[in-house]
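Everything on this sheet refers to the single structure shown next.
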């Protein structure tokens, strides 16, 4: 569920208004520029321009200066309603505005906003006048390319992003947070820590996990599987492709085709790589007959799916074209629904906690205007979702009418160490696919009934969750997730025999450890190197440690733990791993 912006919020109006101020400043500085659209967004605003000349980051300072000059006038924002004919005449030299106007119906209200020397096609809302904007509380922050209307077939425009806050203090706090976000960017850390790569020449949006990143991914997936078995799930494996009839039956080719890869023709049949796992799980269900005594089925899969995303929308491991969903489908009876939903919710909270996420937000989306399924089933399922949230003490917001046409859902968002929300788990009823695929079971009264089906993801996708973890921890993973947990650094060659003994002892206990006996680098340089690589522990081995049979530990945060017995050091690390300690 995307976050909705409150159009009546004063800050929203300010950001909308300053986008107009920026557009006016740009036109004054670059007179032949054509304007497109400029909305407020979370934390700021942007405007898309068609420049005659290429602009650079240095130009942003000139634009900011001109914006402050315009703000000093204190001009009002005045709304006027005009006809479509008047709008076409007013914006006759603005091709992007004309494009928008042509889409409007003759009966539609067309509004413009005038401010200082600028007029824009706009629905609003805006603040009354520019005097309400603190000229020290905004900053233009970046330039990017953006296709007109988001369509790669259209011209690439120049998008200028800015941020605006109520005062200078809030602006500085945001800019500081922004710098920390840049420092933790999973794409940057992915290169620095050698975790993953993307190869445009092979295919955009396709992730290559390197040994260290693959180790972390394997640890996530192993834990996922272990916990699913503990919670009564069976693990499935299904193909990556399926014939077109499957996607016709599921409705994907009717409603989801734009997000699917093109068909492949083989053996006189059309195949598609799967955008979702659900139809495959249903195919397994439909291979046999089922009684109410067999239910519930809890079927989970780390299933790789493929979805066509526009190149401009791709973002590291967060937005990709091929990704692995931690997918599950619960197939159950009416009487089992309440328990199953509550258990899924409890399971989600448990999993997040183990990865270090304790803060969350929940959203319950209810029946939309157009829907499928029995009215009583909708009422019951919404009630069950509400009760599950209440029983587990989870505060939630209701998105009335925001559910999918095939069923209500709970969306759960985690809040990371930088205060950002990330969509993670979804618990979604489906009244559509069971009917489309004619799923049935024999009820207690001997009649054939349609089972309830609940779609469920806990981590969302492994690739995206991986990127979130990288940024949440800034690459300094908890010991249990660290690809390399310990490095032994001997102070000289004399102690190497003892260092090898430590290495062997820890390896036998499953600790991910290595010995750095490179004589060409000083010890302090090695410590700095491994701290920059976010290795949790460095074991410093000198002659004193050899004589006493002990270990001195330096942590990646530069803490020192001296004089631990070898057995104590081993237990110290093992405890951090077995308890999945976060700090």
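Using N, Cα and C of the backbone, Cβ positions are placed for all residues, glycine too.
What Swiss-Prot says about this one:
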- 278, 329, 455: Zn(2+) binding site (BINDING)
- 185-478: region 'Catalytic' (REGION)
Given the Zn(2+) site residues 278, 329, 455, which other residues of that chain have a Cβ within 8 Å of the mean position of their Cβ atoms, reported in sequence order?
276, 277, 281, 282, 327, 328, 428, 430, 433, 453, 454, 456
Name the residues of the same chain, 6+ apart in sequence, whose Cβ is under 8 Å from the Cβ of residue 278 (Zn(2+) binding site)?
250, 327, 329, 430, 433, 455
What mean pLDDT score does the region 'Catalytic' (185-478) have in the model?
95
Taking the Cβ of residue 455 (Zn(2+) binding site) as centre, how many other Cβ atoms lie within 10 Å?
22
Within 10 Å of the Cβ of residue 329 (Zn(2+) binding site), how many other Cβ atoms can be counted across all chains shown?
24
